[in-house]
Amino acid sequence: MEEMRRAIWVILATAVLASSVMVGVRGDDTKTLVKKVKGQKVCIKGWECSTWSKYCCNETISDIFQTYQFENLFSKRNTPVAHAVGFWDYQSFILSAALYEPLGFGTTGNTTMQMMEVAAFLGHVGAKTSCGYGVATGGPLAWGLCYNREMSPSQSYCDDYYKLTFPCAPGAEYYGRGALPIYWNYNYGYIGEALKVDLLNHPEYIEQNATLAFMAAMHKWMTPVKKSQPSPHDAFVGNWKPTKNDTLAKRVPGFGTTMNILYGDQVCGKGDIDDMNVIVSHYLYYLDLMGVGREEAGTNEILSCAEQVAFNPITSSPSSSS
């Protein structure tokens, strides 16, 4: 157990050290270092964007999205009836984001696009961790980050098909955990390898450390399911150029395709269903709260995946499950 805990802290070491200088340090006080590499301008901007990158020449997430906005979006998460009181906080989010900002997470495009991506990512998070309902105090969209784990798992989510690559650990339960909940042994194994944390043997780490939970969710946001497909990030910010087959499948750049990548035919290609609309509603609500406005979100074709064909139908690709 102690070895596994050390593995978590190794990957978080830079972020934890950064947090000691985080208080009182904001964009205007952070010196930007600039150089050119092969004719392209690249930057480093303090602890939050600490790798040479073209994206670090833009504003950082903490420049455009601050603690009070996080609190507005997730205003009910620490109420007594919530199920993860005291777990989720802004610091965990921003420390996790610092690892992905040099890759373009929340740092791509102009300020509006940056804020829209943060709202899009958190829209998924809010919808997938909500305990809101129709008559909930503050409305059903105010209850994101109410959970950090599946409360009543119906199974252990151990798939023996992957016993050679990601064998289930004795006694381990691979039920849903995290900001974008992870299910199944193969997903814990795959994400654990990417983050260099032994989640296959210790899936419980996700519900014990909010920074790690956000990191796992951001990894899913920034990483394609298959190399030939876009990541949710690329589909949202416009880095992805649809092929003819994508166009025939009604897949276009925008929020709708992020749902297609993350959930496939669990949510998409089923018409105007509630499971899809709840996710879209969280995204639009967050855009409003962040001062961007839902009118920036685009047409229904961009927002929805109701008519899209799934990239990875569940029936043919078990790894496309959450």
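Backbone N, Cα and C atoms are what each Cβ position is placed from, and that goes for glycine too.
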Selected from Cys168, Cys305: TrEMBL disulphide partner of Cys268: Cys305
From Cys146, Cys168, partner that TrEMBL gives for the disulfide involving Cys158: Cys168
Spatial neighbours, same chain, of Cys158 (disulfide bond) - Cβ under 8 Å, 6+ residues apart: Cys168, Ala172, Tyr174, Trp184, Asn185
Cβ neighbours of Cys305 (disulfide bond) where a neighbour is any other Cβ within 10 Å: 30
The domain 'Glycoside hydrolase family 19 catalytic' (68-295) [mean pLDDT, rounded to integer]: 96
Protein Cβ atoms within 10 Å of Cys168 (disulfide bond), excluding its own: 23
